[in-house]
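Listed in Swiss-Prot for this protein:
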- 7-251: domain 'ABC transporter' (DOMAIN)
- Gly39, Asp40, Asn41, Gly42, Ala43, Gly44, Lys45, Ser46: ATP binding site (BINDING)
Amino acid sequence: MAQEPILTARGLVKRYGRVTALDRADFDLYPGEILAVIGDNGAGKSSMIKAISGAVTPDEGEIRLEGKPIQFRSPMEARQAGIETVYQNLALSPALSIADNMFLGREIRKPGIMGKWFRSLDRAAMEKQARAKLSELGLMTIQNINQAVETLSGGQRQGVAVARAAAFGSKVVIMDEPTAALGVKESRRVLELILDVRRRGLPIVLISHNMPHVFEVADRIHIHRLGRRLCVINPKDYTMSDAVAFMTGAKEPPREAIAA
């Protein structure tokens, strides 16, 4: 591709005792694209995503964001750098309101002495910004911004998590199995949300086992096998059967896909 990648990894190694989860793994994410990451169970894709999102520190290798070497020691550092992750378990607090969940860990304090010394939250500002972010993604069918997340449907909860990531992910959004355990209708809405986020210019890393969803929204598909990137394919040029065959080792990918 003519553009320079916004996020790259080279030679990542991660060991857990005698198990090598990442074996000199490479990764490239380009501006404005949806890159799907697929692989069989135990292929190491989760470890790779954890490495680029700050959840684990690689034993070897280098990660670069916008061309600059980075080393995250925690997910918080990754978030501060502009990389947001929507986890499979959503990482939402069910008892808290939608607005509180949107700003969880990033609460807005009141100006002046009330915020500085008494740590009072500026709930009006948080509610206003949360409402604006949900509206941007067409999610204001949720009537009450102060209702508890536990009262929402699965698709609505996923929408809140996606809206939070889109609101604060200034450079990259990572989505881990965003349609898992959702019905057909709710999955459709989440896929539309993913495309909405992409239209806003944010590149997305999509981890999913749902091949129809992957082939519907991805611009490129990164296939991970035996701890490393096996190949990168364009979903317009290959079938789902091809992808599964590459992923399981039943079929060798073409040379140009391996070099991608």
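Using the three backbone atoms N, Cα and C, a Cβ is placed for every residue, glycine included.
The Cβ of Asn41 (ATP binding site) has no same-chain neighbour under 8 Å that is 6 or more residues away in sequence. Per-residue confidence over the domain 'ABC transporter' (7-251) averages 89 (mean pLDDT, predicted model). For Asp40 (ATP binding site), applying a Cβ distance below 8 Å and a minimum sequence separation of six or more within one chain yields Arg225, Met247, Thr248. Counted within 10 Å of its Cβ, the other Cβ atoms near Lys45 (ATP binding site) come to 24, all protein chains included. With the fewest other Cβ atoms inside 10 Å of its Cβ, the least crowded of the binding-site residues Gly39, Gly42, Gly44 in this structure is Gly42. Here the Cβ of Ala43 (ATP binding site) has 22 other Cβ atoms within 10 Å, regardless of which shown protein chain they belong to.
Cβ atoms within 8 Å of the centroid of the Cβ atoms of Gly39, Asp40, Asn41, Gly42, Ala43, Gly44, Lys45, Ser46 (the ATP site) belong to the same-chain residues His224, Arg225, site residues excluded.
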